[in-house]
């Protein structure tokens, strides 16, 4: 994108281009040739006849009369010719004089034009230098503004660092609170010891408890050693704090030395600035002198131009007069020539004596020609002299031009010196500004360091007081311990209970230590992140400087457009006033609409609350009814089973009695064959009855099992429906939160002039909400099955996962996590996710949460390949694993044998409730298998892997979710569970485990 996009009024808009003046070069003047050519002189031609045949044939009398007449005519003609020749000669002289004047005036004009061109070039050069200086001034102003922006950015960074320091101080206060809690625990221990002493007073008589007392003695010594280790740790912390204090003192002294050096540099710089200011004043005086000379030259140029214009006017007038006179003379000449020809014809016809007169006239004409030739030679000599003078003038001109060039060179050198001095001045002024800014920043840092030193001293004093108190308490405890050594031998059975409490205390202390260690690690990570951010900011600074240099050029163009924009802004101000009046009306309408929307939202919220209450009541009633029905059914089934068992036992007992009554001694007693037959018949009847009763019993069991399966399936469906409703409710609540935030933004913006843009409204959304695209693993093996993209929304209470944006619009999430059940959020390492690619690892992060905080849709997994024995199949809550039975086992669904010694049929076993069944039942989708009776442990922890689009987004998500983690652990959950079940503990608990769903994993 270009740094500046100018507004164009049309396709032929060239207002953004500068009008460049064409460089008018010096006019080419060819020198006058010194050799005489003669092509500028007029040609005069005449004709004559050499034969005298006309004279021989004429009479002498006729010749005399004609000669008299011809003489008179000839004299008149000669007079006219003389007059004409004199006029011609005068006009030729005038013409030569005018031509000489024109040449001299042209030479003068050429000189003046050259001088004017040189002065124009000098003026243009000066104007260009002035414009360059102005541009440099604008660039310097732009740089100053940029440095101010950079200073503001550094101030913001410093504020951020101060905020982090404040957070670290808060953590220190938390540690102090922990130490106070330990003191309270010590007080509790002392109270318990007093109770033990009272118990010892009561039970001194018993001597059998000596061994137990010795054990308690050793345990107390261990507790004292633990307290001593705690004391040592506190002493070490105190030493660390003292070392940090000494380091801060050293830094303070170093900063003071740097400040003094900078003050010295500042004094030196101020002296340099004074010298430069003196130089600037001298240069300004020189510039004024040059300007004065320029003004004089311009005045002379104007006078010369006026003279030139006047001479041009005179020249034009003379040319017009000469042309007019030449034309009139040519016309007269033509008329006289014609008349002369006519008279010649007449004279030839009438008189032959005129030829003699002509010969005389010709002689006279030859004399005149000779005179004219002599005059011409004189004129040529004059021309040669004039050319010599011209050559001398050319030499003088060249000398004057060389002098001018020398002067222009001196002028350019002076201008270069002026430019260099101005540049030095600007550089030194920039250095001065930079030094002033650095002094200010260092003074500010020194003040901050002083404040930090005071705070550190206060903290050290508080820690020393705490140390003294602990030492005093230790001394008291040692005294009590020495006094109680004799009494310890007579402690009794109540000590076991107290030992239990002490073990609980130890576990709490361990947990607190682990939490402190985790906080320290997090602080180290934060410091590393800050260092990385510092490096990235340095690179960004370099990029910003390069951008600034490119923007400086754009700034010049923008400042040229500024004047036009100010004029347009005045026009736009009047328009804005009208628009503001219109927008005030729209604001009132929007406020009315806002009030209506708030009312609608309140109504919706009330309806939502009522619906949730109704749902809860209906769920409770349904649960009670289901429990009553199940209890009644269980009681009825138990009664039937008991009665059938009693009947069965009675029948078996009868059979045993009958069998016992038989006498197998044939030799002694020979029973009758009829009695035997009767007994056999009775036995058969009894066996038939038994079989019938067994069949009835089996039918009843199958019926009841089917009913139970149906009830459990209904329960599962209703639970799934309830989960879906809860998920939809959560998504609706997040949408309502977003709408409320937007409404608050609208209510805050009272005037239309301060209405935020679309970008600002997006930026003003509450910090509790974040949304975007994240990827979730399809199954356990990421390398084989890959990732699945989901749209994730984090509201103030829930984390919602959508398959796509349509599901988000329809408020149909695939999974919802409760933020209150979050334990931990962290970026993942190579050891955690060894199946993922190395490029993806910096983008992956892990969420640890309680199982009870998860709510998802029941999506049945795809059939798993037989090769993967570690994978399992989900069906009605079961997690079936494929197995083979070589020992006796029956199917729990169809009661058929499930085993064979050599070729057992394919079987499945639930790894939760250990129900066995044939694989065919699940493949054929038979409804014989009852739902799983064993559910997940609600208090078990679970983790989820999430893949962000980039590393920056991963950091953003992690920091946001870390802020969301509740400080108190979820109710009903063991605090140590997520730590003991960490992903990096053992190979069995690594990510090689099979995931239950697309993202979750049972821990």
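Note: Cβ is positioned from N, Cα and C throughout, glycine not excepted.
Note that this is a predicted model, so its numbers are computed, not measured.
According to Swiss-Prot, the feature region 'Disordered' maps to residues 1-28, out of the candidate ranges 1-28, 617-644. Looking up the ranges 647-659, 660-672 in Swiss-Prot, the one annotated as region 'RHOA binding' turns out to be 647-659. Same-chain residues lying 6+ beyond the ends of the region 'RHOA binding' (647-659) with a Cβ under 8 Å from its Cβ atoms: 679, 682-683, 686, 689-690, 693. Across the domain 'RhoBD' (598-664), mean pLDDT in this model comes to 76.
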